Structure formats: structure tokens, C-alpha cells
Amino acid sequence: MICKIASLPGDGIGAEIVPEAIKALQAVGRKYGHEFVFTEALIGGAALDAVGVPLPEETLRLCRESDAVLLGAIGGPKWDNLPVHLRPEAGSLLPLRKELGLYANLRPVVLYDALIDASTLKKEVIQGTDILVIRELTGGLYFGEKKREQTPTGQIAVDTLVYTTEEITRIARLAFETARKRKKKLCSVDKANVLESSRLWRETVTELAREYPDVELTHMYVDNCAMQLVRWPKQFDVIVTENTFGDILTDQASMISGSLGMLASASIGGKVALYEPSHGSAPDIAGQKKANPIATILSAALMLRYSFNLEKEAQDIEKAIVRVLDKGYRTADIMQEGGILVNTEEMGDRIAEEILEAK
Ligand SMILES: NC(=O)C1=CN([C@@H]2O[C@H](COP(=O)(O)OP(=O)(O)OC[C@H]3O[C@@H](n4cnc5c(N)ncnc54)[C@H](O)[C@@H]3O)[C@@H](O)[C@H]2O)C=CC1
Ligand SMILES: CC(C)CC(=O)C(=O)O
Ligand SMILES: [Mg+2]
């Protein structure tokens with residue numbers, strides 16, 4: 001099988017973690033005779049510095065013409081004070097997701113047994129957690145109209161939170177279908193007690209539930225959900241929520257798995273899907289070889305599963321990660337007593353070796 005993959009390292013630790021995911025994919029390719037062809041392109045601050053725009057036309061074209069996209073992360077303090085269209089977040093990542101039609105962001109929150117003691121949360125609370133958060137990705141606050149105006153007393157800043165019935169139905173249907181293949185439990189998270197967009201969200205999800213009588217649907221306010229995630233995460237199977245809530249809740253939920261560096265993601269819904277870790281460019285550790293590449297490597301496994309239908313190969317990556325963690329290898333963010341501290345590259349090497357060695 002020949003798979004064309006656009007590789008977009010981006011900024012900060014992006015350039016350190018993407019090569020480790022490529023290593024894992026190449027190991028899978030060698031083992032099974034698949035040919036993964038990587039073409040690298042610029043995005044984010046790196047693109048802005050090199051060619052003057054955060055999302056070059058050439059990068060967009062490459063993504064559209066590829067079978068899948070592997071992204072590191074974008075952004076950093078160097079570009080924070082630019083006009084919004086030039087900033088890596090609003091000027092590259094958001095339009096890329098929109099252009100590719102990636103309305104659903106899947107973030108599995110799974111705790112590996114080996115990391116139970118690496119988490120700061122209580123063992124009995126987190127043990128056995130396996131949640132899939134489905135975040136709406138191309139609507140809501142990040143995409144609504146923004147404006148700034150001067151008033152006699154200061155400024156006024158406006159962000160607009162918009163959702164249509166079609167957008168909610170689309171993501172909710174995916175969530176019901178996904179829940180059907182898991183434990184058949186779906187929790188829809190909103191803030192319907194105050195937000196009109198959330199009222200429409202809740203009405204629409206409730207209406208759609210009639211088509212899925214086998215799925216147990218619950219609704220939860222987002223503030224309660226934030227609390228429940230750390231109180232008793234095992235109550236959740238699939239969570240579906242809007243863009244901003246999903247963004248925040250998943251960073252929080254990542255601590256159940258030990259670190260934000262463990263949280264993968266798949267952005268799907270269009271012809272070409274995009275795979276990236278849930279975290280950002282981590283400027284505080286960039287260039288120090290401290291970044292945990294596992295979230296990106298797990299995202300590569302999701303790519304094999306969702307874009308290429310290579311389930312066994314995806315599981316090989318996931319099992320290799322389990323074995324490496326069981327052997328005690330740890331990057332700094334998941335380090336614990338008795339662990340063997342490794343850097344980004346060494347973690348990637350260990351995982352690639354395990355992929356090749358395992359039957
Ligand atoms: N998808 C993307 O490209 C995203 C980009 N960003 C951008 O990234 C920049 C930094 O944002 P922050 O708020 O600091 O969030 P961040 O996710 O980059 O980092 C938050 C904290 O987690 C740690 N961390 C993140 N990934 C890690 C990894 N793989 N291994 C070990 N530790 C890790 C960082 O060191 C930091 O202490 C900003 O410019 C932001 O806009 C933020 C989130 C997502
Ligand atoms: C530009 C941001 C919306 C990126 C982010 O935080 C995310 O997608 O998790
Ligand atoms: Mg985020």
C-alpha cells in the first residue's frame with residue numbers, strides 16, 4: 001500500500017515530535033511492506049517567518065493532494081502580538097481545519113496501566129479510564145465574527161458563538177454512531193442553562209437521540225463535566241461537545257492519562273484527515289529534547305486506523321507504546337520513581353524498535 005502523507009512540523013516542539021511519529025510509521029511500513037511517502041511543508045510561525053504567511057497556498061495544496069496530514073503544533077510567544085490573520089492559531093491551524101472540512105476532533109483519553117503512578121490523580125479514581133471525547137472543530141467561538149471597537153471609556157472586544165442545527169446534527173450523529181460501537185453511552189456537554197447556542201445544541205441532540213434508542217444519552221453542563229472528569233472519569237464513555245468546551249475539557253482530561261504529552265487526536269470529516277497531538281508547541285521546553293512524542297505517535301496510529309484502515313498496524317504502534325512504558329522508559333513529563341529517563345528521540349527509537357520486534 002502506498003500512502004502519501006503531508007508532514008507539517010510547525011513550531012516549537014513540533015519539529016522534535018513529528019520525526020518520532022514518522023519513525024514509528026516507517027517501522028510499520030518496513031514490517032508490513034507499506035510505503036509511506038512523506039512530504040514536508042511549512043505552517044504556522046515557521047511559515048510566516050520563511051514566506052510571510054502562516055498558511056501558504058502550497059501547504060494547503062499539498063494537504064488536499066495527500067492521503068493524510070500529520071501535524072506537530074503551531075504558535076509561540078514570538079507571533080502572539082501580530083494581527084489576528086497572521087497569528088499561527090487563527091491564520092493557519094483554524095483555516096486548515098476549515099478548508100479540509102474537519103468538523104470532528106476525536107481525542108481518546110486512555111490511561112496506560114504503567115502510568116498509574118505517574119498521574120497526579122488518585123489511582124482508584126483513574127484506573128481503567130477509557131473515554132473518547134468528540135469535539136466539534138469548525139464552528140463555535142473560534143470561528144465566529146470577532147471585533148474590537150474603541151469606546152469613550154476603553155475598548156470593547158466581541159467574539160461570537162454560532163452553531164447551526166446542521167453543524168450540531170452532523171457532530172452528534174458521528175457521536176451516536178461512535179458510541180454504538182463502544183459502551184453505548186453518550187454524554188452531551190453544553191451550557192444550556194445560559195447559552196442560546198447550547199439550548200439549540202441540547203434540543204438537536206435530544207431530537208437525534210430518537211434514532212438511537214440503543215444509546216444511553218445524558219446531558220451535562222460543562223462546569224459540572226469539568227468536575228466529574230476528575231471526580232470519577234470512569235462514568236464516561238463518549239463525550240460530545242462544542243469546540244471551546246472540548247478544547248478545554250480535553251487538556252484537563254489529559255491529566256488522567258498522566259500528561260498532555262499522552263493525548264492524541266484525529267480530526268476527521270473531510271476527504272483528507274489530520275492527525276496531531278492535542279497539545280501545543282510547548283515553548284517552555286522547545287529545543288531541549290524533553291517533549292514527550294507519544295501523543296504524536298498515538299496520533300499516527302489513529303491515522304493508520306481511520307485513514308488507511310490498517311487496524312493491525314495501528315495496534316502494533318499502541319502495543320509498542322505499552323511495552324516501552326512497561327519497561328520503564330519515561331520522558332520528563334511522565335517520569336516517576338524507578339523510571340528510566342529518556343529524551344524525545346530515545347523514546348521514539350524505543351517505540352520504533354518495539355514495533356519491529358513484536359510479532
Ligand atoms: N494544535 C496546536 O498547534 C496548538 C497550539 N497551541 C499554541 O502553542 C503555544 C503554547 O501554548 P501553551 O498554552 O503553553 O500550551 P502547550 O500545550 O503548548 O503546553 C502546555 C504545557 O504542557 C507541556 N507540554 C505540552 N506538550 C508536551 C509534550 N509533548 N511533552 C511534554 N510536555 C508537554 C508544556 O511544556 C507546557 O508546560 C501557544 O502559542 C498556543 O497558541 C496551543 C494548543 C494547541
Ligand atoms: C488554536 C487552538 C484552537 C488550538 C488548540 O488549542 C486545540 O486545537 O486544542
Ligand atoms: Mg487545545
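Placed from the backbone N, Cα and C atoms, the Cβ positions cover glycine too.
What TrEMBL records for this protein:
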DOMAIN    4-351  domain 'Isopropylmalate dehydrogenase-like'
BINDING   76-89, 280-292  NAD(+) binding site
BINDING   ARG97, ARG107, ARG135, ASP223  substrate binding site
SITE      TYR142  site 'Important for catalysis'
SITE      LYS191  site 'Important for catalysis'
BINDING   ASP223, ASP247, ASP251  Mg(2+) binding site
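Apart from the site residues ASP223, ASP247, ASP251, the chain places the Cβ of VAL222, ALA226, THR244, PHE245, GLY246, ILE248, LEU249, THR250, GLN252 no farther than 8 Å from the centroid of the site's Cβ atoms, the recorded Mg(2+) location. Ranked by CA distance from TYR142 (site 'Important for catalysis'), the binding-site residues GLY76, PRO88, ARG107, ASP223, ASP251 have PRO88 at the top as the closest. Look at the binding-site residues ARG107, ARG135, LYS290 and count other Cβ atoms within 10 Å of each Cβ; LYS290 has the fewest. One residue stands out among the binding-site residues ALA282, ALA286 for having the most other Cβ atoms within 10 Å of its Cβ: ALA282. Once the Cα atoms of ARG97, ARG107, ARG135, ASP223, the listed binders of substrate, are compared pairwise, the greatest separation found is 27 Å. The number of other CB atoms found within 10 A of the CB of ASP223 (substrate binding site), across every protein chain shown, is 12.
In this structure, ASP247 are the recorded positions from PRO88, TYR142, ASP247, ALA282 whose C-beta falls under 6 Å of some atom of ligand 3.
Only ASP247 of the recorded positions listed as PRO88, ARG97, LYS191, ASP247, ALA282, LYS290 bring a Cβ under 6 Å of any atom of ligand 2; the order follows the sequence.
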